[in-house]
Amino acid sequence: PGHCVFYEECGRNPSIGESLIPPIVPCLDYSQVCPILDRGENNTYTCCSIKQLSSLERSLTLSKAVLIRCPSCAENFAHLHCINTCSPNQSQRVKVTKVMNVTTLGKTKEAVVAYQSFITTTFADAAFQSCKNVRIPATGGFAISTMCGRYGAKLCTPQRWYDFQGDSSNGLAPLDIDFRLIKEGYSEGVPEGVIPYNGRALKCNETTPSGGQVCSCQDCQESCPSVPPLLPPPSPFRLLGIDGFLLISIVLFCLLILAFLLYLSVSCAMRSMKRKDEERGKRKKKGKDQNSNDVIQQVIHPSEVTCADRNSLAAQAFLSLKFQQWGTVMATYPLTVLLLSAVVVAVFSAGLKSIELTTDPVELWSAANSRARQEKDFHDTHFDPFFRTNQLILTAPGRKGHIYDSLLFGQQNFSGLVSKDLIIELLINADSDLNRTASLKDVCFAPLNPSNPSLTDCAVNSLPQYFQNSLDNINAKVNMTELGVTKEVDWRDHLIYCLNSPLSFKDITDLGLSCMADYGAPVFPFLAVGGYKNDDYTNAQAFILTFSLNNYARNNPKFKVAMQWEKEFLKIVQDYQKNPSTNFTFAYMAERSLEDEINRTTAEDIPIFMISYAVIFVYIAVALGEYSSCKRILVDSKFLVGLGGILVVACSVLASMGFYSWIGIPSSLVILQVVPFLVLAVGADNIFIFVLEYQRDVRRPGEKREEQIGRVLGNVAPSMLLCSLSESVCFFLGALSTMPAVKSFALYAALAVLMDFILQMTAFVALLSLDARRQDNNRCELLCCVSVSTQRPNKPNEGFLLPFMRKCYAPVLLHRFTRIIVMLVFIFVFCGSLFLMFNVTVGLDQELAMPKGSYMLNYFQYLYKYFEVGVPVYFVTKKGFKFSSVEGMNAVCSSVGCDQFSLTQKIQYATTYPDRSYLAIPANSWVDDFIDWLNPGSKCCRLYTLGPNAGKFCPANQCENHPAFLCGRKCMATPPNGVLRPSVEQFNRFLPDFLGNRPDLQCPKGGLGAYDTAVSTLPPTFPSASRFMAYHTPLTNSQEFTAALLMARELAHNITMGMRKVPGTSPDFEVFPYTVTNVFYEQYLTIVPEGLFNISMCLLPTFVVCCLLLGLDLRSGLLNLITIIMIVVDTVGIMTLWGIDYNAVALINLVTAVGISVEFVSHMTRSFALSTKPTHVERAMEATANMGSAVFAGVAMTNLPGILVLAFAKAQLIQIFFFRLNLVITLLGMAHGLIFLPVLLSYFGPSVNKAVLLQLQQAKAKELEMRNNMRQLCNFSEQCKSGLLQ
């Protein structure tokens, strides 16, 4: 048998200077601490005294504090140290290698300061396996990472783990222990008489002899239940082995082509049959057009007129008559009308004095009643809002790295960035004067001293924080001897250690520096450096410097202080960037940067919009002129009419904005940019139709100018009403959208379009009347006193476009073969666009909101390149759950005794599939750390036993400064089954103490900083809400952000359903995920159905209004609707090809597309429906020539010049969603309205209105009768005259 090698204590180890615990060593010559040695009363023999046992307990306490979550691990950890220190067979396990003389109380004794410990690899491996997966709930990391020195959790091995435990430089070991791991059966290197210890180490899924339960799944993979493998992600939609949407599009294309060809065949056959069988005697003249349609020049009997025809005629007659009367009155009193119009516009526009522009992205894109907004409001009410981030990402490209041969860590690669001079430069920059106008300490996030922070309490995360932002610590160096080799250790050794053990209070070098930041919390390496691979932190390519500020509501005075500090921060950073002496290339941002840059680019692009509107104005002014001769150019020009049309548009927009400002509906920059553009497109079309119709008309004999204007208005106003009413109702229905930006845009646009129509029917008619009076008097425009002698020709002025469309364009377009080609091409484009529509990218990457050249674009590039972890995600619990019950704690925690499918355990399962769950780091858990904090095995929770505070909580640092008996009472007794759970009373009593306890070396489990803001104490329940923080994987685009939100919600729902089964849980209890970005990306979960709903609501009035105003003409309404649908589908298809993502901004433009499409389509449809030409083709030619020319001049040529100017805008949003998308909308609208629709009408358009033919027939009959009567009267007069002469 063996014997004792050392016994009793001899005082402090003289070879150790400063340490975290007193380095008491034993002399040369039991039980809760070492239950492995307990053989019962009077039968237990050990080689240690009570004092040694107490010191051993103190040494084990700090390590067991982080391992106690797993009882078998904690017991295995203590097992070997108990054997080494107290085993009666000590001589068989250890060999003393170094002794020193120690003098205590005048007595000199030999003290053991180093020894070798021999253990088998079997025991070492089993003990290591039981501990390697134990978690630290506060960080989500592994406890082993704090106990393996520079190697961290990934590179830790049993040998490295024991080497750290035996290294006295770590501040925890009182002496050096050289652990020798010997394979079982091997004796090489084993001294004589030594038998390597081969005790049985407990597995983590075993209970302990002292009653401890098996470790939880989060800490022990062997304890995990068998979880079925994840279902594979849904595969793409496929049919017959190819893309399903492609196959559907191909089948649809084939069906449409076959249907069209079948229609042509049937038409040809019917035409051939009717040509043989037709009776030609019953009709005056009758033929066939190219579609076998009757050439209607027949006598119409009243019985042939259908009810629909009569309704259509009555509707057109009624509208024409009323608008004619209205126009005559407006043209008769132009000055009065203009004055009254100005008064009405002024009254509406007066509301602009109280206009509110929404610039907050949250208010702009997230509905107040949306789920994400409600979750954000709940989170910000019960906890502090997510802190404001101000960040620099610094690189030093081109600098050469080096290899450092460390005494302790061997050869290590250091990138050119990780150098002493750059770290010092970073430190100086971090400490720069940012307190000129706003003090950092007034607004900074200070987790460990939130009530009265100093500058050193502010959470500033950077690499110099591993040196406590101290230049002296960075410059520190010392000679150190390790294994007989003496070398200098410096900042590099300390940095290597801290990057791998950020939670350490003391490194293992002789520098003896802490790794904790100066504000008292750890700085995790992924928050300090970036651009590394495989945790090779010293080879990082980027430094990360982060200033965290408290977030405040916008009405809080401190919000302005924070904004001012950030403004100063940006100014200092920008000045530093311009400094030629800087060694860094870097990107930066402040919390306010996104909003600032959006506002800046909007202001910078206002001149672009102004130029765009100016180009449109010049075009309108020039294009409206008649120009019958060079001498009358100044007379026939329409500069003032064009200006008046622009003013009408401007006044309608101002009136709309003023009205909504009156009633408190805020505006936005999107409205300011899009609504004038939209109303100008709509308004210009109506202006062109009205003015061109007036120019093409000839005043009838005896007709006054005002009457002519009224008659012309009666002809075209119904068409203008059709389009304007369709668009206005379209936009009003679009306001049903839940997106605030889309809703407000639709409301503003609807009223603006309506006001534009009203002002056109009033002010513009009056203005045209004044201009016609001037033109009739041959007076020059702008120089009204000057007149010309050349008279205006009394014939219609058709200009250039109308004859071209009539003689060239329409005949070519409506040729028999051309029409077939057009139908085939447009069907192909529609089906192809339908396929592309299903592949459009949904989302809006935040960098697109930035202008070209913005510093934020550089920041986003650095962020995606260098960051190794994503944004934090909180799993928030609402009220209705009893955390204080044993069942409640077990349903949340992840340590020993917890449910296998608890809240934190499910999150842990999700992190094992980061590519599916988008979760990288498991959630921290205040419940787990609270239980560990209460554990009597740690020194965290103690009570005063004496004095005025008797019975109250005694912090661990007070225990160190007072006699042991003063804080000797433990908060809780050791549970018999090893599973510690407080009672409801204990839970409620000690939780506030836990949340207010600052973590330190004596009690690393204190909740201040980590959890004091994670538990809400708002009434009526306690806690009323709580949160558990995890981390997403790096997310780089809106698709990943949206997928991460969706997966987090699925996980939270699963957790909710499980926790509702806990007794006492409210049925409406809920867990939800919260991330600061959720409010922006939630819209993409529903934007597809939302967009379909909005566009459907917009399409509905285009059909209904068209049918009603054309007298229930269903066919015209249907053809109108089909063409507009094709425009929208083709637009989305082109979006896919041109890289335009589908999002809320695109949806606004698609709603606008419906409105502009109405202008391209509805005028043409109405013109065709009212035409009385004998064949479909001739009616289509007439509509194309007369109305198509006005639409081309009024819509296409008005929009295109203004759109092309937007290509020069700096903002990417304007370039993509206003230039590209509006160009696509205008070109597709023009193609469908002027090419496809005439062909479609020539095939499938409604038949000529027989009521109109009957009316014309009756009018012609009356005219013939009058002529006959006149002829008879003249004959009678001639006869009378002849008789008188005779």
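In case you wondered, yes, glycine gets a Cβ from its N, Cα and C as well.
Feature list (source: TrEMBL):
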type     : residues  : note
DOMAIN   : 605-770   : domain 'SSD'
TRANSMEM : 244-266   : transmembrane segment
TRANSMEM : 331-352   : transmembrane segment
TRANSMEM : 606-627   : transmembrane segment
TRANSMEM : 639-663   : transmembrane segment
TRANSMEM : 669-692   : transmembrane segment
TRANSMEM : 712-739   : transmembrane segment
TRANSMEM : 745-770   : transmembrane segment
TRANSMEM : 820-839   : transmembrane segment
TRANSMEM : 1092-1112 : transmembrane segment
TRANSMEM : 1145-1165 : transmembrane segment
TRANSMEM : 1185-1209 : transmembrane segment
TRANSMEM : 1221-1244 : transmembrane segment
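The recorded stretches the transmembrane segment (1145-1165) and the transmembrane segment (745-770) share 3+ CB pairs below 8 A when only pairs 6 or more apart in sequence are counted, and are therefore in contact. Highlighted: of the candidate stretches 712-739, 745-770, 1185-1209, 712-739 has the greatest count of Cβ pairs under 8 Å to the transmembrane segment (1092-1112). The stretch with the most CB contacts under 8 Å to the transmembrane segment (712-739), chosen from 244-266, 331-352, 606-627, 745-770, is 745-770.
Packing against the transmembrane segment (606-627) from elsewhere in the chain are residues 633, 636-639, 641-643, 645-646, 673, 676-677, 680, 684, 687-688, 691-692, 695, 797, 799, 1193, 1197-1199, 1201-1203, 1205-1206, 1208-1209, 1214: each is 6 or more residues past its ends and has a CB under 8 Å from a CB in it. Simply put, out of 331-352, 820-839, 1221-1244, 1221-1244 has the most Cβ pairs sitting under 8 Å from the transmembrane segment (1185-1209). Averaged over the domain 'SSD' (605-770), the predicted model has a pLDDT of 84.
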